[in-house]
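Asks: If you scroll down you'll find the structure; I have some questions about it.
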């Protein structure tokens, strides 16, 4: 008799079989595809701010906002991909559909870059004080249609590919859980591999051969990823969607609110719960008993968690509000991880600067490295290479050592990884502020404040903030993805994993809001706002970075408050076991 995996099917919708479906081989196809997908996305995103300013004639601050909004939307749409994967379509099909949409968007951008009449006329003046004709009308519509088709495709891929890879491992076994943890580390490694090619070879092509070639390479790359993904079809196992997790969340919360008001005046109402509902059920691994009973409700409930318990108290006349104890526990898990999710947004707001102001800073500096002239958009090569070196070291040296020292399965906990990233983000913003002060001082001393000539200062100074933020990204992104996937109920794992990308999205949006808000406030006290105009040398970017440093420090305190009170699902399970 075949040993099937309950809740999983193969690509032909037949029950998945242990030993035949899933495992390292299946996850390896996912990792290769991620290299190609991230290459296609970052090849343009990392350099897009210069394309918008030089060829579409947006101002530096407008270009930065367009890029942050575009990338924010792409990452936010990962929630849609994760939701669809949990509720309707397997991750297998979500990826194929999303990759097709992204390739269509890149094709639109390639055509616009190729055809001169689809772009605004070139700016003939070399002076930074004279505005050029900004893209508008149908040309702008084509630009944004292409960008947001790419964003939609990227969102679907980010929301489906990581959980698809993580689901290939059997969480029932210690080896399976360790392999899954290694998968998330190598997922970030593969993100970096794609980024390395994107910010070196493809960016060089864009700067030296033309953007039509850059967009063309990205289009070909994402199209290549589809057949490679399909080759792995015979060995994939895919989780069967079991309905909308969002519906469950809203139903439980609505039931809790309804019963709170309905029974608040009933002093002797039947407060006790039915036996079938008092056994609060936590998420269990494959093959475990899903009806494990507890003597008490779940871990140290706060008032908010006690409030959710009301969803299963008494009987309601509305069958739509009927909730089970298991559903209540799933909603509690979501509520517990939300503060951790919120704490990571500020870090990603800092990361947003790497693809906007940092690139523009580098473009004003001396980018010569010996006889080689480095494109400013290739600056991310520093954190990318560092991540590619650190990720294997972390997985094969640091984690095994930490497991021996702590005698725990994970060695370093997910929340410790995230916290390390948040500390590094504070340091990175302080370094960024100091480097910008030095850059502006060189511009003033050299009399080049109003000039477009490169400043006599090497762009390697900017690499410092890239290094710190790149390290923060390694610790935080892998930690977040594994934390959300592991802690979330099985019914909403794809959606929960997508919170990692939603945090990135909100960070990019927050960056845009901060820039606009700072300009609005400072314009009331100055003739020129801090971050406005076409001359970066007249910006007060150093003040913006110091503000980000302070906000990141406050955010770290907020994170430590919640992380110190969080109990992992495995700990909650052990606490919930009845005493013999």
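Just so it is clear, glycine is given a Cβ too, placed from its N, Cα and C backbone atoms.
Automatic, uncurated: that is what TrEMBL annotation is.
TrEMBL lists these features:
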COMPBIAS  275-284  compositional bias 'Low complexity'
COMPBIAS  287-297  compositional bias 'Basic and acidic residues'
REGION    274-303  region 'Disordered'
TRANSMEM  22-43  transmembrane segment
TRANSMEM  63-85  transmembrane segment
TRANSMEM  92-118  transmembrane segment
TRANSMEM  138-161  transmembrane segment
TRANSMEM  182-205  transmembrane segment
TRANSMEM  211-231  transmembrane segment
TRANSMEM  333-357  transmembrane segment
TRANSMEM  377-397  transmembrane segment
TRANSMEM  418-435  transmembrane segment
TRANSMEM  455-478  transmembrane segment
TRANSMEM  499-521  transmembrane segment
TRANSMEM  544-563  transmembrane segment
Asks: Let me check one thing: do the transmembrane segment (211-231) and the transmembrane segment (92-118) come into contact, meaning three or more Cβ pairs under 8 Å with sequence separation of at least 6?
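Replies: They do touch: at least three Cβ pairs between the two stretches lie under 8 Å.
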Asks: Using a cut-off of under 8 Å between C-beta atoms, tell me which stretch among 22-43, 63-85, 92-118, 544-563 contacts the transmembrane segment (499-521) the most.
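Replies: Going through each listed stretch, the top one turns out to be 63-85.
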Asks: Using a Cβ cut-off under 8 Å, which residues of the same chain at least 6 positions beyond either end of the transmembrane segment (22-43) come close to it?
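Replies: 5, 8, 16, 74, 95, 99, 102, 106, 150, 154, 157, 161, 164-170, 179, 183, 186-187, 190-191, 193-195, 197-199, 202-203, 206, 214, 217-219, 221-222, 224-225, 228-229, 231-232, 235-237, 380.
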Asks: Do at least three C-beta pairs under 8 angstroms join the transmembrane segment (544-563) to the transmembrane segment (92-118), pairs 6 or more apart in sequence?
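Replies: With fewer than 3 qualifying Cβ pairs, these stretches do not touch.
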Asks: Apart from its near flanks, which chain residues at least 6 from the ends of the transmembrane segment (333-357) lie with a Cβ under 8 angstroms of it?
Replies: 45-46, 48-49, 63-64, 67-68, 71-72, 249, 283, 304-305, 308, 379-380, 383, 415, 418, 421-422, 425, 428-429, 432, 465-466, 469, 472-473, 476, 480, 483-484, 487-489, 492, 496, 499-500, 502-508, 510-511, 514, 536, 541, 544-545, 548, 551-552, 555, 558-559, 562-563, 566, 569
Asks: In the same chain, which residue numbers or ranges, 6 or more beyond the ends of the transmembrane segment (455-478), come under 8 angstroms Cβ to Cβ?
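Replies: Same-chain contacts beyond the flanks: 184-185, 187-188, 191, 344, 347, 350-351, 353-354, 358, 361-362, 364-369, 374, 376, 379-380, 382-384, 386-387, 390-391, 394, 417-418, 420-422, 424-425, 427-429, 431-432, 435, 438-439, 442-443, 446, 448, 500.
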Asks: Would you mind listing the long-range same-chain contacts of the transmembrane segment (182-205), meaning Cβ under 8 Å and 6+ residues beyond its ends?
Replies: 27, 30-32, 34-43, 46-47, 162, 165-166, 168-169, 213-214, 217-218, 375, 377-381, 384-385, 387-388, 391-392, 394-395, 473-474, 477-478, 481-482, 485
Asks: Who are the long-range neighbours of the transmembrane segment (377-397) in its own chain, taking Cβ under 8 Å and residues 6 or more past its ends?
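Replies: Contacts with the transmembrane segment (377-397): 42, 46-47, 50, 182, 185-186, 188-189, 192-193, 195-196, 199-200, 203-204, 206-207, 354-355, 358-359, 362, 459, 462-463, 466-467, 469-471, 473-474, 478.
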